[in-house]
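Among the features that TrEMBL reports, substrate binding site is placed at B:50, B:194. Under the heading ATP binding site, TrEMBL lists B:121, B:167.
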């Protein structure tokens, strides 16, 4: 008797599929990280497109392989674009940036959650705030560890039917039943703006080629391994961000296979 | 008897003039590539300014040496800014990003084309869609080769009185009568967001110092040569983007002169 | 008898405090430089957050340690967000980008100046235009040297009760009584988009931990020293921007202490 493996599509296979498919990934994201996010998607093997007009976002979501909705700087147009896009696809990621104290994005995150994202990605403070269990952290800064948000993540996963990924020193990813922990990465990634936001985009890319839990784990593993590679060659946050893109582009599926083995030990 | 040379201002002379003039280049462009585009303009020797408010764009277009209108993320304000700017100058470049399926930008591109851009730059799918001969590609991704868009490019060039530059492995540039092909560059440039968008900006910079055909060719040659230099020193798309800026800034007009000789052989 | 030292908090102590506090810094800034600005703030030791919705900006300004209002691409929403934010905090920096000829930002700068920024930072042309003594330069390009703007800077400092920092080959910083000159830096910083804008953000970060004159000087010294370090390792504007981030992150307070000694000689 063999147990179902968790996740069902291992990260190495997911990456091989992604490279083969080069899926279009639509990003409705904040103005700070657009360029870096697009470069991360290109490096990982996807084709980014930021289509965030209300009149165009729904049309494009129907064509795209995956969609990211990131609430970092949600202009009125982006809010309407997000509403139009999330009803046009099931393959979308919600990143509730800095919700909690700030009213516009907090209300919007609650509203969009009703449209059943495949994945919710955030830091611990954001996930706790989204579950209605806390008031949020300091903007994009999390004041709580990922493990502290496990109860909130599980609650959202069960009520919204989504995979919830909490970013931290160890990423905690749950579908409400199974929980996967992805260790690794590097502290320097927290000194690069868009480190977390681009992870949400990579999850959206993987949604084009596998199920939500597999997609969230594969993206998390890919970013962790690439960050470790970049940390070896860089000498600060500037060179790290650049080398991270090189490392993502150079990732071989086998680099993730070794990490999979480690994952199965901790899940 | 001596034939007129095509283009009339060779790229090396155009670059020398640009460096001397450091023209102001106004960019009404998409939110993904603003930073990279500005850095490309600075590296090539121009002074970028993104002035994209409706109340200011026309005033600034009258002062600037060149103008780029890129339709990547055309907010209502940028659309009005573009309308105000293009009637205030003849030295402008239209980049019809991802037109075809998406209605707002497709209609806007058709409208702006009536105001006679000096240069239209796009990938093959965009140029084919602008000519009304196809439905567009996959967003910024072209699904056709540059050569396949030659008929569409020639048609636009003749009807709109513009130079049309189709980006691809070999760039194809036509004024409707003469066609110039610029080979070279590097595949890594397609893995950097803003690779194509910044080429449109560089064309706008060259418009400040020479005629449209010469400007389009000089920009294309400068980007191709700088990309080749950067490919030699980089180890992936991250370092490539950085080294490309260094290479642009280090370009000597004589680097382009050698390429000119090659061009005349293929034009 | 001991004279008061100018500035009262030396740059090395200010940096040590900043690293200890990791203050939240709110940026209402232009779309070209958001990513680079956020990375500069992370490198220097602060936590950036671009909260620029009218409904959220005032709330966040009350929480943040410092606020930057940069008028580079002031959309109607950002203008309202700025109005809401500047009345919620005293610790804010006004960067009147490209004012003079362009009407929207010029009127807004005059209006916001009434809300008493702690620091005004600009190039000479912008400061002269803000004082009503000239028509502005060429967008972000200054056509005047910093020293030429000293009269204008002193006038604004006295009437608005602000510290005024004029960026140039030598930065000139005055509170209307004392004037500090910060030499150094590197010309390559002028070839990186956001070089000046990010300096305003760093000043906002230092406002969280010291008085305005000390904050402006500490930021100016930190950028100058980091630029000198980056100039040694880089080979053009692309690598310079990257190495500048590494250098900022690697700054030791003692690096600024040596520079303080030099400062006291010229102040």
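In case you wondered, yes, glycine gets a Cβ from its N, Cα and C as well.
Feature annotations (TrEMBL) mapped to structure.
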residue	record	contacts (Cβ under 8 Å, 6+ apart)
B:50	substrate binding site	B:26, B:27, B:28, B:29, B:34, B:38
B:121	ATP binding site	B:93, B:94, B:95, B:164, B:165, B:167, B:196, B:199, B:200, B:203, B:216
B:194	substrate binding site	B:32, B:33, B:36, B:37, B:40
### Query
Hey, does DSSP put residue B:50 (substrate binding site) in a helix, a strand, or just coil?
coil
### Proximity to chain C among binding-site residues B:50, B:121, B:167, B:194, where any Cβ pair is under 8 Å
B:50
### Query
Among the binding-site residues B:50, B:121, B:167, B:194, which ones place their CB within a distance below 8 Å of a chain A CB?
B:194
### Query
Should residue B:194 (substrate binding site) be counted as helix, strand, or coil on the basis of DSSP?
coil
### Task
Would you mind pulling the DSSP three-state label for residue B:167 (ATP binding site)?
strand
